[in-house]
Each structure stands twice: as C-alpha cells, then as structure tokens.
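TrEMBL annotations:
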type	residues	note
BINDING	Arg43, Arg51, Thr87, His88, Asp109, Glu151, Lys155, Leu165	CoA binding site
BINDING	Asp109, Ala110, Glu111	Mg(2+) binding site
DOMAIN	31-97	domain '4'-phosphopantetheinyl transferase N-terminal'
DOMAIN	106-186	domain '4'-phosphopantetheinyl transferase'
Amino acid sequence: MTVSLLRTVVSEVVVTAETYDDPPGLAPLPEEEPLVARSVAKRRNEFVTVRHCARQALGELGLAPVPILKGDKGEPCWPDGVVGSLTHCDGFRGAVVGRSAEVRALGIDAEPHDTLPKGVLDAISLPVERLELGGLPGGLHWDRILFCAKEATYKAWFPLTHRWLGFEDAHIRFTTDSSGSAGTFESRILIDPAAESGPPLKVLAGRWTVRDGLALTAITL
C-alpha cells in the first residue's frame, strides 16, 4: 500500500488529508463563501478542496466541521487548540493538522517538480544557497525544492511570530537519504528569531520528498 505523500514528510503525531483532484459536489461553508465569491473557477476549486481536506483531518482529531477562514495576511485560521497548514498546486491539495499541546507549528508546501521560471531562483535565494545547490546530487530540480522549503518555512514561522520572513531571511541547506529523492532540510533564520511565546526560532528542521511529479516540503515544530 502506497504511503500518502504528506505522511512521508510529517511527524506521526499530526493528521494529514490529501487529494490529487477536485471531487465533484464540494462547496464552501457559508462563512467561507465571501472569500471566494468573485474567484475564478480554478481558484475556487483549490480553496474548496483544500478546506475539504482540512475538515477531513480535523475530523480525525474528533472535531466537527468548521469554516477555515483567513487571517490578516491570508493565513488559515484554525480552531482553538489546533495548529495546521494548507497547500495546493496543480494536481495536489493537502492539509495537515495537530493539537497545539503536541505540536507548536506546521508548515507544508507542494509544487510541481519542474524548473523555476527564469530569474526566479535569483529572487528567492541567497548566493550561498545557489552555490550549495550546485553541489547536490543531480536529477532533481533543486531550485524548485528550495522554493518549496522557503514557503514551508514561512508557513511555520508566521503563526508563532506574526512577522514577515523574506526569502533572504532564511538560509536553507538540504541533505538526501539513500533513495536520492527525499531527505531533510534545515532553515537557519537570519533575522531576530524571537517568537511571541516559547523558544526562539533559530533553526527550523524539515523534510522534503519528490514523488509523482511533485515536490513537497514540511516543517513540524
């Protein structure tokens, strides 16, 4: 039996739900409708399906279906006592949730595993990161995996700090496992790492994988 994509990169204490398409008949909850009332069909489908995944995951925690609204910076708002993260790209929608008593923060990101558009790598990376990517094993689009890891880093960082974290504000390094298509990464924060509560966020550890044409990264704190 194939292990779900998200399950390969997150802690066992969290719950995941994912889908590779948009199941027919899904609709936003009434409280969510204003957030997508003027959205094009593609954006609406992404929004609805990823929240359907979130409610599936919340259900496994024993929680009733609730609207997943947005905060001031577009971040998902979770029920009290819950932390989580959402991601969607062409061909994938996924959610991961956990109890805040067990998990401090979560950040996930999925991207198509292909090369970034011209000029994007320079915009999202540090010179030292570009140098380090050149020393990693071939056969993977490391520029895309780096972008994916930067996104997961921000998603884990923001709920604990409510501060911006630019692409240049974290130095990410990768390791690979024996498969060559998965491994770990480390996001070293280059700005004030203070969180609103709890230990400072000096280094965020994560996992990455490439499978089924997708790159996926996750941080569990």
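Here the Cβ of each residue, glycine as well, is placed from N, Cα and C on the backbone.
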Check Leu165 (CoA binding site) against DSSP and tell me helix, strand or coil, would you?
coil
Reported in the order helix, strand, coil, what are the DSSP residue counts of the domain '4'-phosphopantetheinyl transferase N-terminal' (31-97)?
24 helix, 16 strand, 27 coil
Where among the binding-site residues Arg43, Arg51, His88, Lys155 do you find the Cβ with the fewest other Cβ atoms within 10 Å?
Arg43
Other residues with Cβ within 8 Å of the Cβ centroid of Asp109, Ala110, Glu111 at the Mg(2+) site?
Thr87, Cys89, Phe92, Ile108, Cys148, Glu151, Ala152, Leu214, Ala215, Leu216, Thr217
Cα distance, Glu111 (Mg(2+) binding site) to Arg43 (CoA binding site), nearest Å?
16
Cα distance (Å, whole number) from Glu111 (Mg(2+) binding site) to Thr87 (CoA binding site):
9
Under DSSP, is Ala110 (Mg(2+) binding site) helix, strand or coil?
strand
Given a 10 Å Cβ-Cβ cut-off, pick out the one of the binding-site residues Thr87, Glu151 that has the most other Cβ atoms nearby.
Thr87
Report the member of Ala110, Leu165 (the binding-site residues) whose C-beta atom has the most other C-beta atoms within 10 angstroms.
Ala110
Do you know offhand how many angstrom separate His88 (CoA binding site) and Ala110 (Mg(2+) binding site) by C-alpha?
6
Would you kindly give the Cα-Cα distance separating Ala110 (Mg(2+) binding site) and Arg51 (CoA binding site), rounded to the nearest Å?
15
